[in-house]
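What Swiss-Prot annotates here:
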type: BINDING; residues: 204-212, 340-345, Asp437, 449-452, Lys547; note: ATP binding site
type: REGION; residues: 272-340; note: region 'SBD1'
type: REGION; residues: 341-417; note: region 'SBD2'
Amino acid sequence: MGMVGRDIDDLPKNAANYTALTPLWFLERAATVHPTRTSVIHGSRHYTWLQTYHRCRQFASALNNHSIGLGSTVAVIAPNVPALYEAHFAVPMAGAVVNCVNIRLNASTIAFLLGHSSAAAVMVDQEFFSLAEEALKILAQESKSHYKPPLLVVIGDESCDPKTLEYALKTGAIEYEKFLEGGDPEFDWKPPEDEWQSISLGYTSGTTASPKGVVLSHRGAYLMSLSASVVWGINEGAIYLWTLPMFHCNGWCYTWGMAAFCGTNICLRQVTAKGVYSAIAKYGVTHFCAAPVVLNTIVNAPPEEAIIPLPHLVHVMTAGAAPPPSVLFAMSEKGFKVAHTYGLSETYGPSTICAWKPEWDSLPPIKQARLNARQGVRYIALEGLDVVDTKTMKPVPADGTTMGEIVMRGNAVMKGYLKNPKANEESFADGWFHSGDLAVKHPDGYIEIKDRSKDIIISGGENISSLEVENTLYLHPAVLEVSVVARPDERWGESPCAFVTLKPNIDKSNEQVLAEDIIKFCKSKMPAYWVPKSVVFGPLPKTATGKIQKHVLRAKAKEMGALKKSNL
């Protein structure tokens, strides 16, 4: 048999056989296949896929008319409203990069982001206009003579106080719908010439003190949009409830993915258990994503706000802080099917999933919940995932006990951090993306996070997983939410300090008795050195996606001062 020459690999790319990957094509296809199907619902507003496509083309055209295109960044400060959904397509259709800004950030942080990203335009929901206005004033003061005011567009919403919109318009901002009128609904948008072109910029300002700009590509967004939908088993025509903020990792890529599957997007400005249950009943919601704290809110909803049993199976994807098995069990008991995922802003959101195995079906529910609480295996678009010894970069044994760092590589990894070569060098060391999360690898190959490297508590030379302590505390009947951090300890160096939010029905008149009861509970369920030496009650500081801000709690624990010598 003759050998095939190199010419088998020398066939060139051309316009007929190669197109840069971009999720923008999903919208064009949805408008063609299901032009009259409802694409987006927000209050009384209903759009079809054809209308959404035309609106996005208008939006892109209007941006180009203001000389905003390739190389530009457009910041959007808004909750889950149609304009934010449209921006995910329209801004890159114009050739620009979309930067979805966390609405819970303060003005000084937003000023930093707008300056760091050189935002050419700022779109802001009317409710947050004063926040954007203050941020722009700070940016102008800091930039001085170099300041160039960005194009300012205000997004009106009938559910908000009309006075805030009136004020914004008086300052010279353009109303969003008026802005669209200046564009062409038949705008001939062009896909990127290179799929490595940037599509999105996000900032990792969640649980750390210093934000870093995460740059994502059209290629990565395309692959992760499909990968996220495939691993979750989303079917064509799914009805998706936006409980997860779209500004968090581009809504875990479901902003683009829902167009690929021609589904329906239900927008929620504010997330409450009542709102979630009502949407399930009213719209027939089939899927939603949420941080564990939202799941906790759902399972602890008052009976008058809940709908039990559910009218149909509802699929839920959760990520963020690892959910306690008790919460997963409670969600399952109420009729929700929870898929547990894990990821970071640097990996387009979730990039691993605890893929369900048929053999788990016959296990007791609590055992199922424990297995499902693991972070699992890689997404289809993530080619490399491992847990390694950071000193040697060798994989840890799959024994379920040896901890190492989670590392990743593949199409699900960001292009890099904007204007931060040092961070890029550190994050991409040895050809892997370093997550900073500590995990074990089980015999079945599934990984399970034990802690963030900075969240490990070192007490008397022994490592304590704050996550393990938290999971036990969630079993206490009075605990609604909990976060455990290190507190200085005169004898042990550090000891666990538990910050606890109590359930609404708990008598809070005697916190000392409650604290003693919680500590006693822990002593019966964990090694003595794991037991929290101090318990603090009150609401926990969180990001917009419900992640508990441990850096704030660590600072608070430090301010409390060192614990005096104890025998525990």
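Keep in mind that glycine also has a Cβ here, set from the backbone N, Cα and C atoms.
Residue environment of Thr204 (ATP binding site) contains 17 other Cβ atoms, counted within 10 Å of its Cβ in all protein chains. Thr204 (ATP binding site) carries neither a helix nor a strand DSSP state and counts as coil. The 10 Å shell around the Cβ of Asp451 (ATP binding site) contains 22 further Cβ atoms across the protein chains shown. A mean pLDDT of 95 is what the model gives for the region 'SBD2' (341-417).
With helix defined as DSSP H, G or I and strand as E or B, the region 'SBD1' (272-340) counts 28 helix, 14 strand, 27 coil. All protein chains included, Gly343 (ATP binding site) registers 25 other Cβ atoms within 10 Å of its own Cβ. Residue counts for the region 'SBD2' (341-417) by DSSP state, with H, G and I taken as helix and E and B as strand, are 14 helix, 26 strand, 37 coil.
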